[in-house]
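Colleague: Quick one: the structure is below, questions incoming.
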Amino acid sequence: NFSRVTEFILLGLSETKELQVLFFTFFFLAYAMVLLGNLLIIVTVRTDPKLSSPMYFLLCNLSFIDICCTSVTSPRMLVDLLSQRKAIAFEDCIAQLFFLHFVGASEMFLLTVMAYDRYTAICKPLHYTAIMSRQVCWLLVSACWVGGFLHSIVQTLLTIQLPFCGPNTIDNYFCDVPPVIRLACTDIYVTAWLMASNSGLISLVCFLVLVTSYTFILLTIRVRFTEGHWKALSTCASHVMVVTLFFVPCIFIYLRPFSTFPSDKHICVIYTVFSPVMNPLIYTLRNNEVKASMWKL
């Protein structure tokens, strides 16, 4: 009598029609800002020869990842906010889960690389060009994508091997590992801990590396009060804002057993919507070189 679930029903952020219209307006504007802001950064960096340093190369890649990350969830969410029945096929759900963790983990690794770039530029300025050469930058970015893929494929394989034969209602606006595996028709205790140790530990380790690098930067700046170092401090402060906005919700959601906690769909909005919106604002409004290049463009 075995039957396999062929689709999932997403409950979304709210079942109230008035709130759904309000959410649609807000998230449509947020998605438009993500696309336009990050595309503008990419075009600006690619067309201005002055923005050829490793920092801007990494920023260009971060903008591309932000576009990919928000495009995995936002279009589907916008369609569902105007739909009566919010159904998603099983294969589409697994695909969304895979690409979300693929680009999400890649962004975590890339933010860590960006922190290392700032640490090298400020703490080892004489060796910066040798350490962060263009070949090294390409190698680090490629490693970020490979690491994101390996992380995501593990999460996906652990999910699809579970039997889904009963409930098919997901209390979220997209398919993610915690709400999906709760619907499995088996004991998920071991699987949940394996996934938590995968996603949660990646988030925590990357965050600790980031905090450590910025701590070394602050200690270096403390003894060198020059104009250039104050500018570096301002840049690092904006990076810390992005890091906190992205990593803290991920650590809170993934570094715990998935089966014993309720849905955190409102917290998911922070790293799937707010963080990609804030990145272009923070990296452009607080960077005079990028602003000048944008005005020229």
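The backbone N, Cα and C atoms fix where each Cβ goes, glycine too.
Summarising the annotation, TrEMBL assigns transmembrane segment to 20-43, 55-74, 94-116, 136-154, 201-221, 233-255, 267-285. The domain 'G-protein coupled receptors family 1 profile' annotation in TrEMBL covers 37-283.
Just tell me what is around each of these and how deep it sits.
Modeller: When pLDDT values are averaged over the domain 'G-protein coupled receptors family 1 profile' (37-283), the model yields 85.
A Cβ distance under 8 Å defines the sequence-distant neighbours of the transmembrane segment (136-154), meaning residues of its chain 6+ beyond its ends; these are 54, 57-58, 61, 98-99, 101-110, 113, 198-199, 202.
Within the same chain, residues 105, 108-109, 111-112, 115-116, 118-119, 122-123, 151, 229-230, 232-233, 236, 239-240, 243, 247-248, 250-251, 254-255 sit at least 6 positions outside the transmembrane segment (201-221) and bring their C-beta atoms closer than 8 Å to a C-beta of that stretch.
Counting same-chain residues at least six beyond the ends of the transmembrane segment (267-285), those with a Cβ under 8 angstroms from any Cβ of the stretch are 13, 27, 30-31, 33-34, 37-38, 40-41, 59, 62-63, 66-67, 69-70, 73-74, 100, 104, 172-174, 176, 238, 241-242, 245-246, 249-250, 252-253, 291, 294.
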Colleague: Go through 55-74, 94-116, 233-255 and flag the stretch with the largest number of C-beta pairs under 8 Å relative to the transmembrane segment (20-43).
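Modeller: Comparing 55-74, 94-116, 233-255: 55-74 has the most Cβ pairs near the transmembrane segment (20-43).
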